[in-house]
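Undergrad: Below: one structure in structure tokens.
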């Protein structure tokens, strides 16, 4: 039984991390960026846009 319990969580953890899509990455920075763009316009949200790009890069996305 210990082998079964140890084997089950490992594959699901690695499977969940590998197929991370850009749309699902960095939800906090994405939400703040989008809200700012809608309310103030893109030209006033450069700092939030950059923060989201940095978060995406940290997760391995090439932006």
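Glycine is treated like the rest: Cβ placed from N, Cα and C.
Annotated phosphoserine per Swiss-Prot: 14, in sequence order. Annotated domain 'CHCH' per Swiss-Prot: 23-63, in sequence order. For 23, 24, the entry in Swiss-Prot reads Cu cation binding site, with the evidence type similarity to another entry. The disulfide bond annotation in Swiss-Prot covers 26-55, 36-45. Per Swiss-Prot, motif 'Cx9C motif 2' is recorded for 45-55, and the stated evidence type is sequence analysis.
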Undergrad: Pop the Cα-Cα gap between residue 45 (disulfide bond) and residue 26 (disulfide bond) into the table, whole Å please.
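TA: Given the Cα positions, residue 26 (disulfide bond) is 17 Å from residue 45 (disulfide bond).
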Undergrad: Using Cβ-Cβ distances, find the residues under 8 Å from residue 36 (disulfide bond) that belong to the same chain and are at least 6 apart in sequence, listing them in sequence order.
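TA: The list for residue 36 (disulfide bond) reads 44, 45, 48, given in order along the sequence.
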Undergrad: Average the pLDDT scores across the domain 'CHCH' (23-63) and report the rounded value.
TA: 97
Undergrad: Just jot down the residues in the same chain as residue 55 (disulfide bond), at least 6 apart in sequence, with C-beta under 8 A of its C-beta; none if empty.
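TA: For residue 55 (disulfide bond), the qualifying residues are 25, 26, 29.
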Undergrad: Below 8 Å Cβ to Cβ and six or more residues apart, same chain only. Which residues does that give for residue 24 (Cu cation binding site)?
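TA: Same-chain residues close to residue 24 (Cu cation binding site) (Cβ under 8 Å, separated by 6 or more): none.
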Undergrad: Which entry in the list of recorded positions, 23, 26, 45, has its Cβ near the fewest other Cβ atoms, using 10 Å as the limit?
TA: 23
Undergrad: Where does residue 55 (disulfide bond) sit by DSSP, helix, strand or coil?
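TA: Helix, per DSSP.
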Undergrad: Per DSSP, what is the helix/strand/coil residue tally across the domain 'CHCH' (23-63)?
TA: 30 helix, 0 strand, 11 coil
